[in-house]
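Asks: Sharing a structure here in structure tokens format.
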Amino acid sequence: MKRKEILNRWDIKKSEELYGVNNWGRDYFTISETGELIINPFTEEKGGVSLIDIIQGVEDRGFDMPVLLRFENILDEQISYLNNAFNNAIESLEYKGSYRGVYPIKVNQQQQVVHEIAKFGQRYHHGFEVGSKAELIAVMTEMKDKEANIICNGYKDSEFIDLGLYAIKMGYNLFFVIEMPGEVELILDRGKLLGVQPNIGVRIKLSTKAGGHWTESGGDRSIFGLNMSQVIEILDYLKEKGMLSCLKLMHYHLGSQIPNIRDIRVAVLEAARVYAELVKEGAPMGYLDLGGGLAVDYDGSNTNFTSSRNYNVDEYCIDVIEAVMSVMDNDDIDHPIIITESGRAIVAYYSVLVFNVLDVTKFEQYDIPEELPEETPENIKNLFEVYKNVSVKNLQESYNDALYYRDLIKDMFNHSNISLRERALSEKIYWDLIYRVSGELHKLKFIPPELIDLDDALADIYYCNFSLFQSIPDSWAIDQLFPIVPIHRLNEEPTRNAVIADITCDCDGEINKFIDLHDVKKTLPLHELRTSEDYYIGTFLVGAYQETLGDLHNLFGDTNVVSIRLDGKGSYEFINEIQGDTVEDVLSYVEYNTKDLRASFRENAETAVKAGLITAKERKSIMESFEAGLRGYTYYER
Ligand SMILES: *Cc1c(COP(=O)(O)O)cnc(C)c1O
């Protein structure tokens, strides 16, 4: 092998860099020498397991792609990480209060998630935040720890309030957070009736507004929370009723995924001041709840870009504790117990969506004839001339001319002046020309702005077996970026640039924005498909918000889900398997009665028998296919 070839040889380090695995993966993901993506939540190398191995195991057990893999170890690890980071900050800054995290269950309400957090979180007294009766019921059935907190946000009717009061009676540390002034009276009334003293918190509206996608909850115009005069009203009302002893907590929520630590700090300082004033007013207080917002570095850039954050968890904890402490010490107030409602940061890493590639469309070079026939229309001949003369000296000019002639040719076609065959020829020439121009671009010192994205226009389309709307809705709804990486062949150079299309027939079902350290990439480097081998791609950090936001676009339903626990010795166990929706399931979600469906399908088949279109035997086979279809997975099955 020549020296230069050896230098240029692809290796796993290059893949690690290309896909940013070490930047966004929080050390949970690495690449093996054989080019497989490894998941390893342990510090020792031998604990790792290859994702493609797991996928093999999933398929051997009869589950088709796409599949959502959930790694329980990662969930545990993230809970520990956050709690340890707060405890370390508390210790090093000599903060006198403690930290009690709560998990906001709306971020991922799946029973397994809530169950695992309730079980593992017990060692840190990690509790829950709920926003509805349904969520409170889910938590009251899963949570055993009486030292952990339950924070009730959202609008509360008397049924909700009664449930909460009974929880307090049963020994839970439950707080009703007041979002609307009118709620206090009902809570006090129900409490009196049931003989329970409620714990009350107030949700305040800060004037601080953070940047980012999801931060509409903050700021003066926020639809949630109380303004300062409403807080005073409630305070006076509680005093008047002799119930000020109920007021123990203050809460705010700035919004999710706050990329800039400065916004977080400013908000904590403002909130801490309000808290201090409530204490001065005579409320017992004791709990300061800072809401969610702790961001995940989806693109690994460590910046204040919306899909990233310019701080890490340790820095977040230090800043929070420091800010609270500075205000309390200045106002001579006891250090409160600090609550945060981090959801995204706890669960995002936990799930990985894996799908296979079904097909590829390439913009390849066509065979263009040496000469065009004499009778070819003039404008096509002109385009052909431009095509033949492309050189590094005239790239911009050739590109402009190509656009010009392409438009003329299209017009001629619309006016019946050229045939479909001629138009097809012109398109071949056009795309080959673009291909040539793009191939020469790297030779230029300065690439004209118009031509910078030309490569992207030539990207392959990889058709993949999943629904964007069902499995990563935020990618569609708010252009959120997720790391997307092939889970094998990473010791080979990915030679294709591609965008990803999902299996729905919606033109929005496309991913054409990918993570990058400095920018947003429009294409993703992928490997050439092999004829006899499946190609598997993972979408990472999809544990937060995606599952319950997903919808039934084109009636693609829930994917298969497999929960996995690694044993730390390089092996793993399938803890739980949930079969995804069948066709029958999704039809019933949109109110098809499957009994009627069968009957009327049978009727149609019988009519065809009577009309002599099919035989009675054929009717049997048709009914069998129909049954198989109803029972099948909604995605592409092999
Ligand atoms: C959604 C929500 C959260 C979760 O925020 P993350 O940024 O995901 O941690 C916390 N608290 C409240 C009140 C919320 O509505």
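Along the chain as shown, residues are numbered 1 onward.
Keep in mind that glycine also has a Cβ here, set from the backbone N, Cα and C atoms.
No curator has checked TrEMBL annotations; they are predicted automatically.
Found this in TrEMBL, in case it helps:
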ACT_SITE  CYS505  active site, proton donor
DOMAIN    88-348  domain 'Orn/DAP/Arg decarboxylase 2 N-terminal'
DOMAIN    374-453  domain 'Arginine decarboxylase helical bundle'
DOMAIN    583-636  domain 'Arginine decarboxylase C-terminal helical'
MOD_RES   LYS106  N6-(pyridoxal phosphate)lysine
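In the displayed structure, how are the listed features positioned relative to their neighbours?
Replies: Under the DSSP three-state reduction, CYS505 (active site, proton donor) is assigned to coil, being neither helix nor strand. In sequence order, ASN554 constitute the residues six or more apart from CYS505 (active site, proton donor) in its chain with CB-CB distances below 8 Å.
Within 10 Å of the C-beta of LYS106 (N6-(pyridoxal phosphate)lysine) there are 17 other C-beta atoms, taking all protein chains into account.
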Asks: In the three-state scheme derived from DSSP, which category covers LYS106 (N6-(pyridoxal phosphate)lysine)?
Replies: helix
